[in-house]
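Down below is the structure, laid out as structure tokens.
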Amino acid sequence: AFTSMLCGFLGMMIATFSNARTTMACAHNAGYTLGFNTAFRGGSVMGYALCSLGVLVLWILLTFYRTVYPEADDWEVLFDCAAGYGLGGSTVAMFGRVGGGIYTKAADVGADLVGKVVAGLDEDDPNNPATIADNVGDNVGDIAGMGADLFGSFAESTCAALVIAAAAVEGSHNTLSEAGWDAMLFPLAISAAGIVICILCGFVATNISPVKEEKDIETVLKVQMVLTAVLMLPVIYYLAVFLLPHEFRLEGVRLTEDGHPAKISGSPYKCFICATMGCVGGLIIGLVTEYFTSHSYVPTRELASACKFGTAVNIIQGLALGYKSCIVPVFVLSSAIYMSFQLCDLYGIALAALGMLATLSCGLTIDGFGPISDNAGGIAEMALFKPEVRRKTDALDAAGNTTAAIGKGFAIGSAALVSLALYGAFVVRLRVKTGVNIFEPVTFAFLIIGCMVPYWFAALTMKSVGKAAGEMVAEVKRQFSVKDSKGKTLLEGSDELKPDSLTCIHISTEASLYEMVAPACLVILSPLLAGTFFGVQ
């Protein structure tokens, strides 16, 4: 939890420094190169800080625990202790995501509803008191929230892989823990190697083939995604061959025909295929997301032309487009799960999740790029720069919106794999010889209740956003209606009145902290209550 908060804080701090510098770079330099590089490097601080600190702190923890449990027989307990690292990461992720989401959307909806719709102001107009809260919200939601979210996935998939690898296989030798400490830490090695690969690929975007004109922006970001994923594959293969024994036994949840747990044998090649499924799957999800959200492709252009027929048609088409965009990623995830499970059982699924998150530094860099460019545009508007500066920042921001969607795709895809790996680790630790039977009445009943929880959660958060946005709208309208000594209001160009941004920021902050309690309690208490009163199954 501490690591996650520290990374979110660093990321937001650097993003806040970078956004004004991106505006200056766009204002004082011809072309897009310097503006793009400033935003890209600002985003990369978050990416590299999060991944490197995540790996480092986990490694320090494991090394410390190893002094307490030096014997290989005790490593099962050791990795069970370390699993708390993943839980802490995801708890902060939930607070970051929910709090950040309520903050940013309340400010965004509030600023747009009154500013654009009612008063007819431009986006980020300096007279709109909610503008600054809106810009702060982008940092809170997209940098701290997304960072904590992906850090949670990364920590949990690593912990799940370690717990499954350490699970003792009854009556068989040749397990991973017997192969030594290096073989156990194979999951960490994948993430560590990913950081180095992403650093090398980062120079491609800023130095080797930089952005020269507007159409290069998306290309350069896409090259980053593809290049890091492709270069990761040989590295994962080398690590697998170098660290893992030729053959090893794993504890599985599959059953043989006579109802006993199947003995699964793994090999470096099988582990490589599992991680590759995740790495390539992540890339495909990223590219599909880009296709559906980028202004360069058909779906978004069709949606834009639907606006000619009014708001309702636009909303319906947009929803349809959103639902349609899930089809390919779900097939990709299913095939990754099937292949990995066939080859290495649950360990394979945890490795697939790690493969997907191997290029996390690059993914977070691309993701942090979005809010920095967005804020740069806001600063250009509020500081009354010339229109061409705003045009440049808007071009960067348009690509940034697409990249934020790609980041979300990675977060959801990896979370799906991680939750399955964690579920598997839970079943392995339960030592249930028959597996979990879904046709038990209690299990099936709670499966349906579990399906309902996300809707309950979403209802709570959406209501919170609506409530906070309502307060924001009321405050902005109040400020617009106040008259000075000459009888002029803010919108009529009063010399005496200044927009009071602090009150708006206060509304967003208070709402996000106060409204976070109910959804958080729902998520944290539901497994505890279900397990305590109705049993672990």
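Counting starts with 1 at the first residue shown.
Glycine residues also receive a Cβ, built from the backbone N, Cα and C atoms like all the rest.
Per TrEMBL, the feature signal peptide maps to 1-20.
What TrEMBL lists as transmembrane segment is 45-65 (among others).
Sequence-distant contacts of the transmembrane segment (185-205) (same chain, six or more residues past either end, CB-CB distance under 8 Å): 37, 40, 44, 47-48, 51-52, 54-55, 58-59, 62, 154, 157-158, 161-162, 165, 211, 220-221, 223-224, 227-228, 231-232, 235-236, 239-240, 243-244, 271, 275, 350-351, 354-355, 357-362, 365. Here TrEMBL flags 185-205 (among others) as transmembrane segment.
Among the features that TrEMBL reports, transmembrane segment is placed at 225-244 (among others). A Cβ distance under 8 Å defines the sequence-distant neighbours of the transmembrane segment (225-244), meaning residues of its chain 6+ beyond its ends; these are 176, 179, 182-183, 185-186, 189-190, 193-194, 197-198, 200-201, 204, 266-269, 271-272, 275-276, 279-280, 282-283, 286-287, 355, 358-359, 362-363, 366, 406.
Same-chain residues lying 6+ beyond the ends of the transmembrane segment (271-292) with a Cβ under 8 Å from its Cβ atoms: 186, 190, 218, 222, 225-226, 229, 232-233, 236-237, 240-241, 244, 299-300, 321, 324-325, 328-329, 332-333, 335-336, 339-340, 343-344, 347-349, 351-359, 363, 402, 405-406, 408-410, 413-414, 417. Summarising the annotation, TrEMBL assigns transmembrane segment to 271-292 (among others).
Counting same-chain residues at least six beyond the ends of the transmembrane segment (312-334), those with a Cβ under 8 angstroms from any Cβ of the stretch are 281, 284-285, 288-289, 292-293, 299, 302-303, 306, 409, 412-413, 416-417. Annotation source TrEMBL lists transmembrane segment at 312-334 (among others).
Positions annotated as transmembrane segment by TrEMBL: 346-366 (among others).
The transmembrane segment annotation in TrEMBL covers 405-426 (among others).
Taken from TrEMBL, the feature transmembrane segment applies to 438-457 (among others).
Using a Cβ-Cβ cut-off under 8 Å and counting only residues 6 or more beyond its ends in the same chain, the transmembrane segment (516-536) has close neighbours at 91, 94-95, 98-99, 102, 430, 442, 446, 449, 453, 456-457, 460-461, 464. Annotation source TrEMBL lists transmembrane segment at 516-536 (among others).
Scored by C-beta pairs under 8 angstroms, the transmembrane segment (346-366) has its highest count with 405-426, from the stretches 45-65, 405-426, 438-457.
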